[in-house]
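Notes follow the structure.
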Amino acid sequence: MNYEVITAQWDLGLVALSFAVSTLGAFAALSTAPSIRTRDGRLSWFNLFVTGVALGGVGIWALHFIGMLAYRLPIGVGYGLWETAVSLLAAAVVSAAALGYIASAPFTWRRLAVAGPLAGLGVALMHYLGMYGMRFGGYLEWDFARVGASIAVAVFAATAALWLAFHVRSLVSRLSASVVMAGAVGAMHYTGMSAATVVCTVADRSAVPPGTLHPLELPLTVTLVALTAVALILFDRLMQRLAPAEAARAAR
């Protein structure tokens, strides 16, 4: 059996796209996070779900998956459907759970110290589950020092994201914080990607494993779905903000 270490190249256009989509997802999450906890102190489950999707599904997972597609290999690569779907679900659920835990009571550093690391570990799980879903004729070797570094960055990024979600209010602050959040998530993702070395073990390097998602069709699909989700989330947020004014006008 031939073993060959494969050198990857980065599609910088997709790298930039991953950061742009993540920034939009983070902005949507920061826009909806204040409405998770209602004025009477209860959780709004709908707003929690929406914010979890924005932060976990778009801000984190979309960057992760588009970033994986930016990792160009001169061999056939596909992506396992179940691993990809579970990694998306994990990102959204972990984000929603962490946001809900913090929002369920007045903010304290203790609650952040619990939720941040747990969310970071969940993000790391999502990342490596997604990488496990890569299908090709070979295997991955890992630099565990970089794996550990990526997990540490994930904990920092998740903790920072949760703090920002409940402390940023103005439009300019939300825009700035969105860029910071996307940068932190990107640092975790690309550190994790750098921990992997691809080893090819087959003669036909171009063959894509059957029953997998083909990478050529995925960047546009993921981007369109993510942008549609962000647009719907921001539209819903706008409608929620306009509703009290409309009700007041109708009562006159």
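Every residue gets a Cβ built from N, Cα and C, even glycine.
What you are looking at is a predicted structure, and each value in this text was computed from that prediction instead of being measured.
Positions annotated as domain 'MHYT' by TrEMBL: 10-199. Confidence for the domain 'MHYT' (10-199), expressed as mean pLDDT, is 91.
The feature transmembrane segment is assigned by TrEMBL to 12-33 (among others).
Annotated transmembrane segment per TrEMBL: 45-67 (among others), in sequence order.
Taken from TrEMBL, the feature transmembrane segment covers 79-100 (among others).
According to TrEMBL, the transmembrane segment annotation covers 112-132 (among others).
The transmembrane segment annotation in TrEMBL covers 144-166 (among others).
Within the chain, the transmembrane segment (178-198) has long-range Cβ neighbours (under 8 A, six or more residues past its boundaries) at 5-6, 8, 15, 18-19, 22-24, 26-27, 30, 59-60, 63-64, 67-68, 71, 73, 75, 123-124, 127-128, 131, 136, 138, 140-144, 146-147, 149-150, 153-154, 156-157, 160-161, 164. Marked as transmembrane segment by TrEMBL: 178-198 (among others).
TrEMBL lists 218-235 (among others) with the feature transmembrane segment.
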Under 8 angstroms, Cβ to Cβ: which one of 12-33, 79-100, 112-132, 144-166, 218-235 has the largest number of such pairs with the transmembrane segment (45-67)? 12-33
Beyond a gap of at least 6 residues from its ends, the CB atoms lying under 8 Å from the transmembrane segment (218-235) belong to 14, 17, 21, 24-25, 27-28, 31-32, 50, 53-54, 57-58, 62, 65-66, 69, 79
Which residues of the chain, 6 or more past the ends of the transmembrane segment (144-166), have a CB below 8 A from one of its CBs? 26, 29-30, 33-34, 51, 55, 59, 98-99, 102-103, 107, 112-113, 115-117, 119-124, 127-128, 177, 180-181, 184-185, 187-189, 191-192, 194-195
